[in-house]
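Peer 1: Quick paste of what Swiss-Prot says about this protein:
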DOMAIN    20-145  domain 'RNase III'
BINDING   Glu62, Asn131, Glu134  Mg(2+) binding site
ACT_SITE  Asp66  active site
ACT_SITE  Glu134  active site
DOMAIN    173-242  domain 'DRBM'
REGION    254-290  region 'Disordered'
Amino acid sequence: MLRNKIDKIRLLFRKDRESYSCFYRILGFYPRNIRLYEQALLHKSTAVRSEKGRPLNNERLEFLGDAILDAIVGDIVYQHFEGKREGFLTNTRSKIVQRETLNKLAVEIGLDKLIKYSTRSSSHNSYMYGNAFEAFIGAIYLDRGYECCKQFMERRIIEPYIDLDKLSRKEVNFKSKLIEWSQKNKMEVSFELIEQSLDKENNPVFQTEVRIEGILGGSGTGYSKKESQQNAAQMTLKKIKGDPEFMASVQEAKTQNNVPAEDTTPESEMSLTAENQQIDEIISTEEISV
């Protein structure tokens, strides 16, 4: 409390006091290193570079914030739901840290109005707000530490915007979300039951794999086929979001799967050239939203 009063007095003499006040309204405290928060809201499409020529955006902070957010929300959920099993806690945490929820939270606290991005670029997607939220968490962690970060989530996010008990009862269909994503991006998705066994108490256990364009996305187990599919779909969605190498492999496989068989006749060669040009155009302009 005293620290905030001191920061407020110092703020009167700063040229950038408007930015500090803006972040204070969101955070409930004044930043010590405001540059961290500004970078957290800097989308890669702006193509801003540091004095050393390195790209300056929020991707590294997003990476850090993703890990910190998982830990903090796991901590909060663990304390709130005393005695609940690991599977329940994992699912509840997933509902909070999923991209759609983070998008909404970013809008609720006003981050969407502060994000800087290039309107000329089509590289940003519908998850830009959620990504910025994660980067913002990373900035808080570096600026103030874990405990302050946890207090921000509890007092400024969970209490005003999330009913944990109600959320825990809400069922999220990860399989439907994955299928919806695949249809939007014209990707072939398959669910394969690869193993069925019994646990120590002779309960049936199922294991399912998800493949996108033939590339393994995720594997999940469960006490029913539906549960194993849901877990596999959830893992695949996380991989789509956070594994660029996986998505590059999927795109390459999709391109190869769409290449037509060769024909040596002059007419077919001309047709094949035209088709390849069309495919190249589609690939070059297609955006995968994850």
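Note that Cβ sites are derived from N, Cα and C of the backbone, with glycine treated the same way.
Situate these features within the shown structure.
Peer 2: Secondary structure of the domain 'RNase III' (20-145) per DSSP, as helix, strand and coil residue counts: 83 helix, 4 strand, 39 coil.
The Cβ neighbour count for Glu62 (Mg(2+) binding site), using a 10 Å radius over every protein chain in view, is 21.
The Cβ of Glu134 (Mg(2+) binding site) lies under 8 Å from the Cβ of Leu61, Glu62, Gly65, Asp66, Leu69, Leu102, each of which sits 6+ residues away along the same chain.
Summarised by DSSP class, the composition of the domain 'DRBM' (173-242) is 29 helix, 27 strand, 14 coil.
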Peer 1: What mean pLDDT does the predicted model reach across the domain 'DRBM' (173-242)?
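Peer 2: Reported value for the domain 'DRBM' (173-242) is a mean pLDDT of 91.
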